[in-house]
Amino acid sequence: MHFGVIGAGQMGGGIAQVAAQSGFDVTVQDVQQEFLDRGRATIQKSLSKLHEKGRLSSTPDEILGRIRFTTELTAFAGCDLVVEAIVENQQVKAGLFRQLGEVVKPDGILASNTSSIPITSLATASGRPERFIGMHFMNPVPLMQLVEVIRGYQTSDATAQFVTETAERMGKTPLSCNDFPGFVSNRILMPMLNEAIQCVMEGVAEPEAIDGIMKLGMNHPMGPLTLADFIGLDTCLSIMEVLHRGLGDDKYRPSPLLRKMVQAGLLGRKSGQGFYRY
Ligand SMILES: CC(=O)CC(=O)SCCNC(=O)CCNC(=O)[C@H](O)C(C)(C)COP(=O)(O)OP(=O)(O)OC[C@H]1O[C@@H](n2cnc3c(N)ncnc32)[C@H](O)[C@@H]1OP(=O)(O)O
Ligand SMILES: NC(=O)C1=CN([C@@H]2O[C@H](COP(=O)(O)OP(=O)(O)OC[C@H]3O[C@@H](n4cnc5c(N)ncnc54)[C@H](OP(=O)(O)O)[C@@H]3O)[C@@H](O)[C@H]2O)C=CC1
C-alpha cells in the first residue's frame, strides 16, 4: 500500500510513523522543509522509545526508511490512500482537497484527520465524494487505540470498508459515526476542556487543582488543562468554533480565556506555554 500523509505536525508525524510501522510505503508532505525535519526527528524519538520497550517488529531505521519526506503535492499521484492532517481550518483544508482531487490517481481514497470540520463539505471540495472519508486518529497516535471513522453524505461502502480495514492493519480499533459537528469524540471531550478553561477564568481553582481533581477524582490520565495544552489551544478553539457555529447552541461558546490565550500566541505545549510552561 502506498500511504500519503499531508502535514508533518504532531498528528501527521504520528500517522506516518504508525503507517510505516505497519509496513506501508509512506510519503509525507508539508509546506516547508523545516517542518519535515522536525517531524522526522519526532518520529525518530518515538521509534527509539518503542524499540527500547521491544514494541517494534522491525528496527527504527527500517521503519524510517519506509517514509519519504517531500514538499511536493505531486508526490501523492500514485497513493492508494492520502490522510490530511494540516491546520484545523475549513478554507485551508478545502483548498488543499481541491488540488489533491486533481493530483491523486482517480481510484485513490482521500481522508481527513480533522477534529470537527464537516467531512461532507471537504468531500465536495475534493471532487470525489464517494472516495472521501474522515479518518480521525487520536493524539498521541503511536499510543492511542481509537480511529474514529466518519462517513460523509456520499461516502461509498467500499471506501468505508477500505479505511476500516486499513485502520485495523495499523493495529487500531476503528469505530464509526456519522458526520455531525465534532463527531462523537470532540462533541463530548471539547466542552469539558472548555469548561475547565472557564473555571480558570472565573477563579474557581488554580489550574493544578482543576487538573488534580479530574485526574484523582475521575481517573482521567491527564487533567483537562494539561490535555488542552497537549492538543494545542488553537486546535481547541477551532473545534469549539465549529461546534458553536454548527450546532447553533450557546452551550458550545468558546471560553473568552481560550480565545485570549490563542490571540496571545499561548498555544500550549507546541509554543512552549499554555496553562503550563514547557
Ligand atoms: C483533539 C482531537 O481531535 C482528538 C484527540 O486526540 S483528543 C486527545 C486524546 N488523547 C488523550 O486523551 C490522551 C490522554 N493521555 C493519556 O492517555 C496518557 O497520558 C498517555 C497515553 C498520553 C501517556 O501515558 P502516561 O502513562 O500518562 O504518561 P507517560 O508516563 O508520560 O507515558 C508513558 C510512556 O509512553 C511514552 N510516550 C509518550 N508519548 C509517546 C510517543 N508519541 N511515542 C512513543 N512513546 C511515547 C512516554 O515516554 C512514556 O515512556 P516511559 O514509561 O518509558 O517514560
Ligand atoms: N492535536 C491533536 O490532539 C489532534 C489534532 N487533530 C487534527 O489534526 C490536524 C493537525 O493537527 P496537529 O497535528 O495538532 O497540528 P500541528 O500544528 O502540529 O501540525 C499541522 C501541520 O500542518 C502544516 N500545514 C499547515 N498548512 C498546510 C498546508 N496548506 N499544506 C501542508 N501542510 C500544512 C503545518 O505547518 P505550519 O506550522 O506552517 O502551519 C504543520 O506542520 C488538525 O485538523 C487537528 O484538528 C486530530 C486529532 C488530535
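Using N, Cα and C of the backbone, Cβ positions are placed for all residues, glycine too.
TrEMBL: automatically predicted annotations, no manual curation.
Taken verbatim from TrEMBL:
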type	residues	note
DOMAIN	4-179	domain '3-hydroxyacyl-CoA dehydrogenase NAD binding'
BINDING	Gly7, Ala8, Gly9, Gln10, Met11, Gly12, Asp30, Glu88, Lys93, Ser115, Asn139, Lys270	NAD(+) binding site
BINDING	Ser46, Lys53, Ser115	CoA binding site
SITE	His136	site 'Important for catalytic activity'
DOMAIN	182-278	domain '3-hydroxyacyl-CoA dehydrogenase C-terminal'
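Overlay of TrEMBL feature records on the structure.
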residue	record	Cβ contacts under 8 Å, 6 or more apart
Gly7	NAD(+) binding site	Gln29, Asp30, Glu84, Ala85, Ile86, Val87
Gly9	NAD(+) binding site	Asp30, Phe35, Gly39, Ala85, Ile86, Lys270
Met11	NAD(+) binding site	Ala85, Asn113, Phe137, Asn139, Val141
Ser46	CoA binding site	Gly14, Gln17, Pro140, Pro142
Lys53	CoA binding site	none
Lys93	NAD(+) binding site	Glu84, Ile86, Val87, Ser112, Thr114, Ile117, Leu122, Ala125
Ser115	CoA binding site	Glu88, His136, Gly182, Ser185, Asn186, Thr235, Ser238, Ile239
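Taking Gly7, Gly9, Ser46, Lys93, Asn139 as the candidate binding-site residues, the subset whose CB lies under 6 angstroms from any atom of ligand 2 consists of Gly7, Gly9, Asn139. Residue environment of Asp30 (NAD(+) binding site) contains 23 other Cβ atoms, counted within 10 Å of its Cβ in all protein chains. Our reading of the CoA binding annotation (Ser46, Lys53, Ser115) yields a largest Cα to Cα distance of 30 angstrom. With a 10 A radius on its CB, Asn139 (NAD(+) binding site) counts 17 other CB atoms from all the protein chains. With Gly7, Ala8, Gly9, Gln10, Met11, Gly12, Asp30, Glu88, Lys93, Ser115, Asn139, Lys270 listed as the residues that bind NAD(+), the site has a largest C-alpha separation of 21 Å. Under DSSP, His136 (site 'Important for catalytic activity') is assigned to a strand (E or B) in the three-state scheme.
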